[in-house]
Amino acid sequence: MTETTSGPARGSRTKGTKATKGLRIERVHTTPGVHPYDEVVWERRDVVMTNWRDGSVNFEQRGVEFPDFWSVNAVNIVTSKYFRGAVGTPQRETGLKQLIDRIVKTYRKAGEEYKYFASPADAEIFEHELAYALLHQIFSFNSPVWFNVGTPQPQQVSACFILSVDDSMESILDWYKEEGMIFKGGSGAGLNLSRIRSSKELLSSGGNASGPVSFMRGADASAGTIKSGGATRRAAKMVILDVDHPDIEGFIETKVKEEEKIRALRDAGFDMDLGGDDITSVQYQNANNSVRVNDEFMRAVESGSAFGLRARMTGEIIEQVDAKALFRKMAQAAWACADPGIQYDDTINRWHTCPESGRINGSNPCSEYMHLDNTSCNLASLNLMKFLTDDGEGNQSFDVERFAKVVELVITAMDISICFADFPTQKIGENTRAFRQLGIGYANLGALLMATGHAYDSDGGRAIAGAISSLMTGTSYRRSAELAAVVGPYDGYARNAAPHNQVMRQHADANDTAVRMDDLDTPIWAAATETWQDVLRLGEKNGFRNAQASVIAPTGTIGLAMSCDTTGLEPDLALVKFKKLVGGGSMQIVNGTVPQALRRLGYQAEQIEAIVEHIAEHGNVLDAPGLKTEHYKVFDCAMGERSISAMGHVRMMAAIQPWISGALSKTVNMPESATVEEVEEIYFEAWKMGVKALAIYRDNCKVGQPLSAKTKEKEQDGIAEKTEDTIRAAVEKVIEYRPVRKRLPKGRPGITTSFTVGGAEGYMTANSYPDDGLGEVFLKMSKQGSTLAGMMDAFSIAVSVGLQYGVPLETYVSKFTNMRFEPAGMTDDPDVRMAQSIVDNIFRRLALDFLPFETRSALGIHSAEERQRHLDTGSYEQVIEEDELDVEGLAQSAPRQQIPAVPAAPAEIPAPKQAHTSAELVEMQLGISADAPLCFSCGTKMQRAGSCYICEGCGSTSGCS
């Protein structure tokens, strides 16, 4: 059983502190006497989620109740991920009202129990305002709140955990256990291994220690086992090692060596995709690795001097290394396989509010939560687009007052949750209640910047991002000080009062010196300045309720649940995305932020329409009619011909970091052509700019990329040189075999089939060889014009010629099934009820008519009869009953019946990459294939969200938020 601890809130009263009557809660969105649910229109939706790989239904719940303004994607994700109770039982939640009520009523009850509110009326306003904000997708708690709060199971509310490990076998085994329990609950954990003795140090018995890298192997295997044992997502974990640890070089090289193994196994034919069957044979694949560097090391890199590696037990230097060479080795490893990331230790601890209680040694897997060991953090994120006011004529402003009120509401709720929360270990429970770390943040920053006409990599964009961050964190600490006056400061505050208030002054000083740019950011800065003055005054008077207030998390699943265009602080992925439609199907749409930006930039309606049409057709703004070249940068995205530079991402992180208590979950994407020197530059400049942590990701650096065109890296010049004998030995006689076309006879059997796909009618004639399968296909569309008719004729000829030259039909089926474009939808074929396009329907029909059962079954294509048989018996294949035995005949001797061997089914042909998400759409348009795993739930390509991956289709995430 999972060990849990729970109890009354600690720090609710501090000796000598006079308690007030409680918080007065103001109405911001709600109306007295009217419940927020009564102000929206509700409708029933059917949620049916399928796996794009094989068409199987992953999840189905019909008749769920949601507001009419909720997107299909948000409804699907919230229903499948957050509704509690078994589907089909009376205990199953059936609507958003039940879900929100389960949470907000629990928060209200706990708030009243722990004396947060001045009166029952204030408690009611709190409940209504919280319900309104969740209902209208203004903010979202992290996933554990949606999973657990208000249910009979343990009330775990935290997504992020930091563990610790000491140099003893007992502690190391406890690490394995505690980490496993956290993974079992669907959360993530990180820790620093630097207390463990290196392999270069002696044990008390006289032998050499194993070293942390050795113990990482066991923890990695444990995480992989839990993942494969039925967890809802991959285990999320982080391992960190200090740069002065004697085993640092081995730590840096762990994933590089494993990546080389993966390449060798992949080239030998093994399935080494990130979700493949054979990936478990390699090590260290379940964790993010980071090196913790200090200022001493970075200055040694800058000067080119030596750096000392220190023994763990004595602290003495046992080895001197070239700092610049070690730094380059880190960059080379990150260039080769995206690990390790880097964390800047002195920068992190310079902003530490509780140094008297211990250093900050570790982080959560996504690197945004950084605080004391054996603590946790519960997250919440605000949807920034909800605070942008736009009159439709290009006049915009950021609603500063409403933003601050929502921040106060959310911080209050987050702090209340610590009072009733459960935790996976006793140590984590005690420390979290003693320090009450919170992690408020935001999503949709990239969309906000584009909508306001600001390039992501611009001074104006960075000014808005910094101003919002400053106001958010300042308001959070102000509310924390107000809470301290009501229910007391956190237990560790008395010991850390001086450093905590010093960090508050650092935030305020950074706010005062920030550069103001335009009419959008200036009012936000002004409000932030006033807020930080309140923080300093109230903090000195009351103390603070929370040791930490803000982080910027990836906001993967919750970002999609809020229908955000962008996650965390990320820029937009692309200008064109998929939108799911009510009733099924989807369509490609240009981001709604594009017309907003164009209006802000002064374009007229006719110009905007022409530019949007150009983007819809080409996927970018290059050569868009009437668009000024100086405005191109406003529409730069994470991917594409005009993608944001790597340093553009770093500059944005540096612009935000001074006003975030924790850190920022961010991966800096780099093109495949990036060099090791560029990685070094990013790591070095980020340190100088004051960033706390980052990771880089170079396109195509990992083997686990579906349909990667790369099969091996270029050999280094020294290795590439071959002697004359080697070249001579490699020369072999090559015999070239050319395919021969086998034409059909004059008279050939054929089948003509009519079909309807999404209302479009057509006819298919399939002619075959008398004895050898399909050899010709003709297609004709009804009432579709000469252009489409000509294209279908050309397509038919190309397929027919290929078949006659020997291209197997199953190859065409694997390539063209699941291809998605309009017209798509319902068909009149009982065996193919839904088609994603005309060619999807055609080749599914051809597979059913001409391919043997084993071949098409391997491709996931079955008839209606076979699907029904699978539901009834668990098998698609027809069971042939044996004839009744002749009992009398058994008395006679007879030859043993020979049972023919069943031929092995052909190897499954991988389905081609098709655009089922916005990430895949941009890949198809640009010919780029991003390194991202396929979603383990629905089979679509995932996309990056901070340092994690998120599935746009079903909301699954590889991270801990």
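Yeah, the Cβs are placed from backbone N, Cα and C, and that goes for glycine too.
Pulled from Swiss-Prot, these are the features on record:
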- Asn364: active site, proton acceptor (ACT_SITE)
- Cys366: active site, cysteine radical intermediate (ACT_SITE)
- Glu368: active site, proton acceptor (ACT_SITE)
- Ser143, Ala159, Cys160, Gly188, Asn364, Pro365, Cys366, Ser367, Glu368, Pro554, Thr555, Gly556, Thr557, Ile558: substrate binding site (BINDING)
- 1-23: region 'Disordered' (REGION)
Distance, Cys366 (active site, cysteine radical intermediate) to Thr555 (substrate binding site) (CA atoms, angstrom): 11
For Thr557 (substrate binding site), the one of Asn364, Cys366, Glu368 that lies nearest, given that the active-site residues are compared by Cα: Cys366
Rounded Cα separation (Å) that holds between Ser143 (substrate binding site) and the residue listed as 'active site, cysteine radical intermediate': 15
Among Ser143, Ala159, Cys160, Gly188, Asn364, Pro365, Cys366, Ser367, Glu368, Pro554, Thr555, Gly556, Thr557, Ile558, the record's substrate binders - longest CA distance, Å: 18
Closest of Asn364, Cys366, Glu368 to Cys160 (substrate binding site), Cα positions, active-site residues only: Asn364
Helix, strand or coil at Cys160 (substrate binding site) [DSSP, three-state]: strand
Cβ-based isolation winner (fewest other Cβ atoms within 10 Å) among the recorded positions Asn364, Thr555, Thr557: Thr557
Secondary structure at the residue listed as 'active site, cysteine radical intermediate', reduced by DSSP to three states: coil
